[in-house]
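Annotated features, as they stand in TrEMBL:
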{"type": "TRANSMEM", "residues": "12-35", "note": "transmembrane segment"}
{"type": "TRANSMEM", "residues": "55-73", "note": "transmembrane segment"}
{"type": "TRANSMEM", "residues": "85-107", "note": "transmembrane segment"}
{"type": "DISULFID", "residues": "C146-C169", "note": "disulfide bond"}
{"type": "TRANSMEM", "residues": "208-232", "note": "transmembrane segment"}
Amino acid sequence: METKPVITCLKTLLIVYSFVFWITGAILLAVGVWGKLMLGPYISLIADNSTNAPYVLIGTGTVIIVFGLFGCFATCRGSPWMLKLYAMFLSLVFLAELVAGISGFVFRHEIKGTFHRTYTDAVLNYNAEDEASRAVDNLQHKLRCCGVYNYTSWFGSVYYPSNGIPASCCVNSSDCNPEDLRNTTLAPSKVYHQGCYELVTSFMETNMAIIAGVTFGIAFSQLIGMLLACCLSRIITANQYEMV
């Protein structure tokens, strides 16, 4: 088989791969920005302290975009050392994604425990004004749930004695008033009975296999790029091929 057609084929495949890799970086960047702008309050409920997850996604996405462009440039240029550098970067991304995927799967119970602790604290210290309280309201309203396990979780909160159960627990907001929500007899007929903790953790358990599969799939896709970059670099070096 002639060398030039092989190199051309490898270059085409690697450019296509690098473009797809660049797209994944753009997606990570977009998700990071969206997470910072839209999910900040929710993230505060699943972490003891403010998490840097959105910034990690933004930084990772930016780096992948830069190296995706670098991979296209290295491929078009036909530079062996650039291709080796690109393969090295892909190997680092592969290892990072593999570790992240395994850690998320192994420590999923710790994540659930952290969510339980921080969400319980947010309910007990609810004041309807701070960021954590607004996150609780949004979660209860959107998931149609109330409290940690059920509406009785609110009986121990500092908010309940003077204000009752928060209005975000109401099944029908037009049929809820503070007096009813403070009444232990009437309140159960006005609010959701499903607890938020069970809904969130059930979703995590149900989708954990899918999330892990997607993570590992993306991680192992880096091996394709590594193989293409290394093969192209070796063939170019062996045949002293230079693209004019």
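One-based numbering along the chain as shown.
Note that Cβ sites are derived from N, Cα and C of the backbone, with glycine treated the same way.
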Near the transmembrane segment (55-73), which same-chain residues lie under 8 Å Cβ to Cβ, leaving out any that are not at least 6 residues past its ends?
14-15, 17-19, 21-33, 35-36, 82, 85-86, 89, 93, 225, 229
Could you tally the C-beta atoms, other than its own, that fall within 10 angstroms of the C-beta of C169 (disulfide bond)?
27
Positions on the same chain near the transmembrane segment (12-35), where near means CB under 8 A and six or more residues out
43, 53-69, 71-72, 75-76, 90, 218, 224-225, 228-229, 232
Measure from the Cβ of C146 (disulfide bond) and count the other Cβ atoms within 10 Å, all protein chains considered.
28
